[in-house]
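Peer 1: My questions all concern the structure below.
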Amino acid sequence: GGPRATAPAQQLRALFYVLPPGESSFRTLEEVPDYVEKSIPFFIAFMGLEFAVSWVQKRKLSGRINDGISSLSLGILSRLPDVLFRSVDLISYIYVWNNYRLFELPWDSPWTWYLTLLGVDFAYYCFHRISHEVNILWAVHQIHHSSEDYNLFTALRQSVLQRYTSWIFNLPMALFIPPSVFAVHLQFNLLYQFWIHTEVITNLGPLEWILNTPSHHRVHHGRNPYCIDKNYGGTLIIWDRIFGTFEAEDEKVVYGLTHPVNSFDPIMLQLRPLAHIWNTFWATPGFGNKLSVMFKGPGWGPGKPRLGLPEEIPVITGKEVPFNPSVPAYLNCYAVVHFAVITDLYTELLGTVTMLSQGTILLRIGFIILSLTSFGLLMENR
C-alpha cells in the first residue's frame with residue numbers, strides 16, 4: 001500500500017479527503033483505521049477555530065450553547081450503536097462480497113481507489129435524495145436539518161436510525177470492490193462533509209463547479225423556497241448538476257425545517273417525526289393514501305403531486321427568530337461542564353469496550369442517554 005503518513009497527519013488529511021491511494025489502501029478490512037473516531041480532536045479544534053474566525057469576521061459567535069449541545073448530543077447518540085455491534089453498512093457489504101461478488105478489483109490499484117470514490121459518492125447522492133423525497137426516510141433524516149444554526153456543530157447532528165436505511169445503496173459496489181477499499185471511502189465521504197457546515201467560508205472559485213462546498217451545502221440546509229430539495233451531493237456536486245437538483249446560493253439562507261420542531265431534547269427530536277407519520281397514517285382515509293403517507297414526499301396530501309405543492313412552502317420574511325429559551329447563565333455553565341464530563345465518559349467507553357462486561361456497557365450507554373436528554377430539557381427550562 002505504499003508508505004504511511006504519521007497518525008495525526010493522516011487523520012487531518014483524511015478529514016479533507018486528500019490522502020492519496022498509496023496511503024489509504026489496505027489489503028484487509030481489519031487494517032483499515034477508524035478515521036472518524038480518531039478525527040474527534042480535529043473536530044474540536046476546527047470548532048474552536050470557527051468560533052474565532054466568526055468573531056473576527058462578524059463580531060459574533062458562530063452558534064449558541066443550547067443548539068450546539070443539542071447537535072453534539074445527537075452526534076454521540078448516533079454513534080452509540082457502534083459500541084454494541086459492527087456497522088450495518090459493513091455487515092451487509094461483506095455478506096454480498098463473500099457470497100455474490102462477480103469479480104474482484106485489485107485492492108492496491110489507484111483505479112480501484114478512484115472508482116470507489118465515485119461509487120460511494122454517487123450512492124450517497126441517491127440515498128440522500130431519496131431521504132428527502134420519501135416521507136418515512138425523511139422522518140429519519142430531518143434530524144440533521146433541525147438546527148436553526150449552521151456551523152460545524154451541525155455537521156455532527158445525526159440520526160440514530162439513518163444508518164439502517166442507507167446501507168442498501170452501497171451493495172452494488174460489493175459485487176466487485178473489496179470491503180477494505182469501500183470502508184476507507186465510506187469514512188472519507190462522511191469526514192469530508194464535516195467542514196462544509198460553516199458560514200465562515202464564502203466561495204471557493206472554480207472548485208464550486210466540482211466539489212460540494214460550504215456555499216452549496218448552505219443552500220441544502222435552507223428552508224427558503226429556492227433551497228428546498230437541492231444540492232444532495234456528499235463530496236462532489238457534479239451529480240446535482242447532472243440530475244437537475246443543483247441550486248447556487250443566492251438570497252440569504254434561513255436554516256432549519258420549514259416547520260421548526262422547537263426542541264433541544266435529542267430523544268424527542270428522534271421520535272417526534274416518526275410519531276407524526278404514525279398519526280397521519282391512521283388519520284388518512286384509504287389504503288392507497290395510507291401508503292402514500294409513508295412513501296411519497298413529506299409535502300404530499302390527497303390530491304397533491306408526489307412531492308407536494310411548492311406554493312405551500314412557508315414564505316421566508318427574513319424576520320424568523322430561532323427557538324432560543326432564556327435560561328440562567330449558571331445553567332449554561334453547568335450544562336457545558338457536565339457535557340464535557342459525559343463526552344469524556346463516551347470516549348473512554350469507546351476505548352475500553354472490549355474489556356467491559358455487556359451489563360457494564362449497557363449501564364454506561366443508559367447513563368449517557370439519560371444525561372444527554374437531561375441537557376436538552378435544561379436548555380428548554382424543563
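Every residue gets a Cβ built from N, Cα and C, even glycine.
Small disclaimer: the values here were computed from a predicted structure and weren't measured.
According to TrEMBL, the protein has these features:
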DOMAIN    114-245  domain 'Fatty acid hydroxylase'
DOMAIN    331-382  domain 'Alkylglycerol monooxygenase C-terminal'
TRANSMEM  361-379  transmembrane segment
Peer 1: Taking DSSP states H, G and I as helix and E and B as strand, how many residues of the domain 'Alkylglycerol monooxygenase C-terminal' (331-382) are helix, strand and coil?
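Peer 2: Each residue of the domain 'Alkylglycerol monooxygenase C-terminal' (331-382) counted once, the result is 47 helix, 0 strand, 5 coil.
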Peer 1: Counting each residue once, how many in the domain 'Fatty acid hydroxylase' (114-245) are helix, strand and coil under DSSP?
Peer 2: 86 helix, 3 strand, 43 coil
Peer 1: So what pLDDT does the domain 'Alkylglycerol monooxygenase C-terminal' (331-382) average out to?
Peer 2: 93
